[in-house]
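Colleague: Feature annotation from TrEMBL assigns domain 'Pseudouridine synthase I TruA alpha/beta' to 9-100, 144-238. Per TrEMBL, the feature active site, nucleophile maps to Asp52. The annotation substrate binding site is assigned in TrEMBL to Tyr110.
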Amino acid sequence: MPNLLLELEFAGWDFFGWQKQPNKRTVQGELEKALSQIFQKKIKVVGVSRLDRGVSALSFFCNGHFPEGIPLDRLTKALNSLLPREIFVKRIKEVSDDFSARKDAKSKIYQYTILLGRSPLRGKLVWELEYPIREERLEEVKDLFLGKKDFAPFVEIKGPGLCEIKRIEIKRKGKEIKIMIEGDRFLYKMVRRIVGALITYARGKITRDDIKNSLAGKPHKPFITAPPQGLVLMKVKY
């Protein structure tokens, strides 16, 4: 059976993340249900990332081995007719038999959007920040996260968590602050913890040493974890 790579876009606020869970509405669950309906047999796919509950994606990849017989353009249309409106299959292509959307990913780029104020229209895709921050302070500590290091203590999980953060870019546009983070891999809630630490520092609630200590697993003042709705997986590099 050919190995097919699917590129998806989805709004994640009504899903319990990507990965299938019992009695939970997930993106993987909806996709596999639609695929199984088309092929009349159980179809499984592997995603590039699990993604937290409420996180969205502009470009998310998954792959699986599918029965032959349906042209890819027809399969794309069939899936989009069955999937809920929040999920859209952008394209499907055949890849080598040993290709894995998860294992072959070189890096992922996430964007986190913060709105300085409130917006009922944009509230599902931003973190509405209703307290003042010193924006220039965001740039002062982003270097602490760059490079290859064990992020397990930072996200408060056990076991090794070696990740490499390649770049962090912070841009202001109108009332929005966009934080772009690229890395080879990410742990559970890692991007949201980084954003939360940056904002807590920009409020003057923690110091540079607190962030250093959190990365080293040492005692530090607490900082918030940014909410999921502002986070979008923008791009995956293979």
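Each Cβ is built from the backbone N, Cα and C atoms, and glycine gets one as well.
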Colleague: Tyr110 (substrate binding site) has how many other Cβ neighbours within 10 Å of its own Cβ?
Modeller: 24
Colleague: To see if you understand the setup: which same-chain residues, six or more apart in sequence, place their Cβ under 8 Å from that of the residue listed as 'active site, nucleophile'?
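Modeller: Spatial neighbours, sequence-distant, of the residue listed as 'active site, nucleophile': Gly17, Tyr188, Lys189, Arg192, Pro228, Leu231.
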Colleague: If you average the pLDDT over the domain 'Pseudouridine synthase I TruA alpha/beta' (9-100), what number do you get?
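Modeller: On average, pLDDT over the domain 'Pseudouridine synthase I TruA alpha/beta' (9-100) sits at 96.
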Colleague: What kind of secondary structure is the residue listed as 'active site, nucleophile' part of, going by DSSP in three states?
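Modeller: The residue listed as 'active site, nucleophile' sits in coil per DSSP, no helix or strand.
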Colleague: By DSSP, what is the split of the domain 'Pseudouridine synthase I TruA alpha/beta' (144-238) into helix, strand and coil residues?
Modeller: 31 helix, 31 strand, 33 coil
